[in-house]
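**Student:** Quick one: the structure is below, questions incoming.
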């Protein structure tokens, strides 16, 4: 059956700031306490969405979360009115305010893991929300992510949205950022490659930085998503590259159809994994980047592999990259050699995503890939699909509500909280989502 990959991109939130919350993510740590520009960040993301939509790649949007997230601050013992909660936490424990204000939901590659209907036992599209257990600020996301996905994929005959796994380290799950799908045409059954960093009882694990994904979680997600067991491979990421800042697999590998584009050192027992894929995926092609040409360190600093590999109608592929790749002489030289070589990648598209990149999120972090048949695509909430009208409406919305300068100290401003809630109330109406945010359900909004 014919199917297409639709990229659902996360819209950057109003509290986008640099706080170094993500140990193991070197860009996040390096840019801690810099001044951010939320308006520019949102516009950089919107421009990527619109440019790809105009080039013929189906594109949709997932909205940001409510931030600062007052309910979690109350859970941590700060009481009073919302304004009093902000004032108290800013004075007594500002690090909690930063965590509760993180715009990290914009990286929707971590929102969920997807199984297309061609791969599932019941013929539905399955989406399992990620618990993001390893980082406090990200562990807050799952409930609202679930509400958003249910409002977007709201036809229960075609879509099953599953709640996140229990919030324990043993079941740490980081979503699609540790998941690849390989195969022929999108509508044909594919092989799902689940990538984990550690498993119980196995001493092969990183020592410097945390392995956020467990094998136990990957196995549970495959079960929840009802993936045909014949179509699943579990593979361990190389712990050495996790210790060099590769905190998700999408920082060291990206797949599309029959192609796996990855670093030579991406996986533990890599030659064995590639042989397995070669035997199970027709026409499988591994494009392994040698360490001698691009080091792991350069891959992390440029986000070469946190790229999008997109298929054109003629079977050729386009690699969507952050500007940092073009600015690195060695990486750009490699990419031009790649274009000249015998492989499906025939063009490069570069975007300026500096605001997101400074927090450790490139093009692939910002998108959730969902393979849909024509019938399934028609069942998606149409208001989230990117087109001229939505692009203009969202740009105007960003201009109206977003600040162009934000520091950690600004997070305590009650006006920022009010601006954010008003903005999200307007956005839920624009995207026809209903009341998906806690503040709306408590009567604070009219969505």
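Cβ from N, Cα, C; glycine included.
The annotation substrate binding site is assigned in Swiss-Prot to 19-28, 110, 137-138, 212, 250, 359. Sequence annotations record features per position, and here Swiss-Prot assigns active site to 174, 248. The active site, nucleophile annotation in Swiss-Prot covers 365.
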**Student:** Do me a favour and check the Cα-Cα span between residue 250 (substrate binding site) and the residue listed as 'active site, nucleophile'; whole Å is fine.
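**Tutor:** Between the Cα atoms of residue 250 (substrate binding site) and the residue listed as 'active site, nucleophile', the distance comes to 8 Å.
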**Student:** Whole-number Å only: compute the distance from the Cα of residue 110 (substrate binding site) to the Cα of the residue listed as 'active site, nucleophile'.
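**Tutor:** Roughly 7 Å, rounded to the nearest whole number.
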**Student:** With every protein chain in view, how many other Cβ atoms are within 10 Å of the Cβ of residue 248 (active site)?
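**Tutor:** Residue 248 (active site): 29 neighbouring Cβ atoms within 10 Å.
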**Student:** Around the C-beta of residue 110 (substrate binding site), how many further C-beta atoms are within 10 angstroms, looking at every protein chain?
**Tutor:** 29
**Student:** If you measure from the C-alpha of residue 174 (active site), which of the recorded positions 19, 21, 248, 365 fall inside 10 Å?
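**Tutor:** Within 10 Å Cα-Cα: 248.
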**Student:** Select the closest residue to residue 248 (active site) from the following recorded positions, measuring between CA atoms: 19, 21, 138, 365.
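**Tutor:** Ranked by Cα distance from residue 248 (active site), first place goes to 365.
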**Student:** Out of 19, 365, give me whichever of these recorded positions has the highest number of other Cβ atoms within 10 Å.
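**Tutor:** The residue with the most neighbouring Cβ atoms within 10 Å is 365.
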**Student:** Using Cα coordinates, what distance in whole Å links residue 365 (active site, nucleophile) and residue 138 (substrate binding site)?
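**Tutor:** For residue 365 (active site, nucleophile) versus residue 138 (substrate binding site), the Cα atoms are 14 Å apart.
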